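Undergrad: Sharing a structure here in structure tokens format.
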Amino acid sequence: MRRRRRRDGFYPAPDFRHREAEDMAGVFDIDLDQPEDAGSEDELEEGGQLNESMDHGGVGPYELGMEHCEKFEISETSVNRGPEKIRPECFELLRVLGKGGYGKVFQVRKVTGANTGKIFAMKVLKKAMIVRNAKDTAHTKAERNILEEVKHPFIVDLIYAFQTGGKLYLILEYLSGGELFMQLEREGIFMEDTACFYLAEISMALGHLHQKGIIYRDLKPENIMLNHQGHVKLTDFGLCKESIHDGTVTHTFCGTIEYMAPEILMRSGHNRAVDWWSLGALMYDMLTGAPPFTGENRKKTIDKILKCKLNLPPYLTQEARDLLKKLLKRNAASRLGAGPGDAGEVQAHPFFRHINWEELLARKVEPPFKPLLQSEEDVSQFDSKFTRQTPVDSPDDSTLSESANQVFLGFTYVAPSVLESVKEKFSFEPKIRSPRRFIGSPRTPVSPVKFSPGDFWGRGASASTANPQTPVEYPMETSGIEQMDVTTSGEASAPLPIRQPNSGPYKKQAFPMISKRPEHLRMNL
């Protein structure tokens with residue numbers, strides 16, 4: 001801005017009011033651009049009066065009445081709006097969803113700031129319990145870091161992370177469908193088309209983690225949640241291993257024994273192939289009612305995982321049997337999914353031949369089970385021994401030393417999506433429960449997995465877009481019949497629609513109606 005020299009030869013002191021006006025315009029988004037006219041550059045006449053020839057669009061500077069103006073109270077809170085400070089008081093405790101050795105998981109409602117009124121799950125961890133063990137500290141930090149890094153339709157979203165003197169808080173999306181474990185306990189076993197849907201979504205989540213250099217290592221029904229629509233969400237990343245890429249081996253002993261790969265138990269070093277063993281163990285659990293290798297105690301279970309032959313029930317289809325044998329190979333190098341194709345190798349197997357992977361990733365495929373929910377706060381899909389407890393977050397009366405707190409520096413996090421509109425609206429649609437719940441009707445009458453008529457073996461043109469590597473079709477192993485103790489006899493038709501069903505001389509076994517799960521893996525419903 002030009003300054004006119006006074007008659008005494010000196011220039012007047014600069015006027016900063018214009019700069020302040022520009023700064024204020026930045027706050028209120030006011031357009032201060034002036035017409036490009038050299039004759040209107042704040043020229044002052046003698047006497048300090050404004051030149052009346054300035055163009056104001058036909059309206060004089062003082063001709064606007066109050067009816068044209070909006071009153072706005074200027075205060076520190078309205079002008080200097082910084083990022084919202086997240087603390088425990090921002091959330092109202094509603095229900096207890098679960099408990100562990102290091103803390104609790106609550107259902108909460110946000111009562112201040114962005115997302116006011118929205119329901120979340122709040123995981124509260126006690127610092128004093130965590131710092132006792134360096135491994136536990138590493139697991140906690142890994143979970144927070146992984147949840148910040150990974151965004152995927154089938155992985156739980158981290159919304160906030162913050163801490164107080166004695167506690168760590170993870171605010172996660174609330175998954176009202178509960179644990180897949182609950183559905184497995186209620187049903188006993190899943191039909192193959194139902195298991196196929198869940199395993200397909202899980203395989204996509206595992207593949208995404210592996211692309212990020214992350215091994216999940218703790219795949220089990222308890223860590224697989226369902227959202228309100230019935231889609232899968234992987235949770236609990238405390239046992240994940242970060243920064244593991246092709247060829248990298250880790251030796252950490254962790255995870256749930258029944259779903260643990262042999263190379264972890266032998267401490268011989270492991271890589272991402274352990275997740276495909278766990279997927280096979282989970283698949284076996286879904287289709288038979290128990291993990292493939294269980295014993296009376298921890299030692300016997302480990303012995304069976306390392307030495308015992310895999311027994312497959314005769315009622316399984318040939319595709320299911322073949323996939324289980326390829327996933328549950330003790331030699332990790334020859335295990336399906338261990339090659340460069342990773343998830344693409346698994347997804348190319350004929351067991352998944354009905355899956356449209358592009359639609360699955362977009363969550364356009366209808367899940368086989370949709371939770372019956374009465375409201376957004378519904379907790380009916382969670383264990384009642386927790387939900388009936390009074391939700392109380394114990395006082396934060398323990399503060400760690402400054403040196404001990406150093407390990408939790410940088411824990412605080414706010415998701416970039418917090419200021420965006422919620423992508424998915426909550427809806428409640430009454431739906432009849434699956435007929436699989438009624439004894440005597442073990443077969444699902446209509447497969448919920450969508451596929452193109454006549455396309456029984458191809459993965460579709462969309463498969464290559466969902467997976468970076470184009471998978472190759474792997475031939476099934478058809479030689480050899482697995483041994484299994486047959487306690488009952490009867491006929492059970494293949495639950496998965498197959499154009500040319502296998503007619504091998506297999507001795508049929510009825511679907512087990514009583515869960516064979518070990519006692520410590522059961523849930524009292």
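Think of each number as a place in line: the chain as shown, counted from 1.
Just so you know, glycine gets a Cβ as well, placed from its N, Cα and C.
OK, Swiss-Prot features for this one:
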COMPBIAS  30-46  compositional bias 'Acidic residues'
BINDING   L97, G98, K99, G100, G101, Y102, G103, K104, V105, K123  ATP binding site
MOD_RES   T252  phosphothreonine
MOD_RES   S394  phosphoserine
MOD_RES   T412  phosphothreonine
REGION    424-525  region 'Autoinhibitory domain'
MOD_RES   S434  phosphoserine
MOD_RES   S441  phosphoserine
MOD_RES   T444  phosphothreonine
MOD_RES   S447  phosphoserine
MOD_RES   S452  phosphoserine
MOD_RES   K516  N6-acetyllysine
Undergrad: How big is the gap, in Å, between the Cα of S394 (phosphoserine) and that of G103 (ATP binding site), rounded to a whole number?
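TA: Taking the Cα atoms only, S394 (phosphoserine) lies 10 Å from G103 (ATP binding site).
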Undergrad: Once the DSSP letters are reduced so that anything not helix or strand counts as coil, what is S394 (phosphoserine)?
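TA: S394 (phosphoserine) sits in coil per DSSP, no helix or strand.
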Undergrad: For K99 (ATP binding site), which residues in the same chain are close in space, meaning a Cβ under 8 Å from its Cβ, but six or more apart along the sequence?
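TA: Result: V105, F386.
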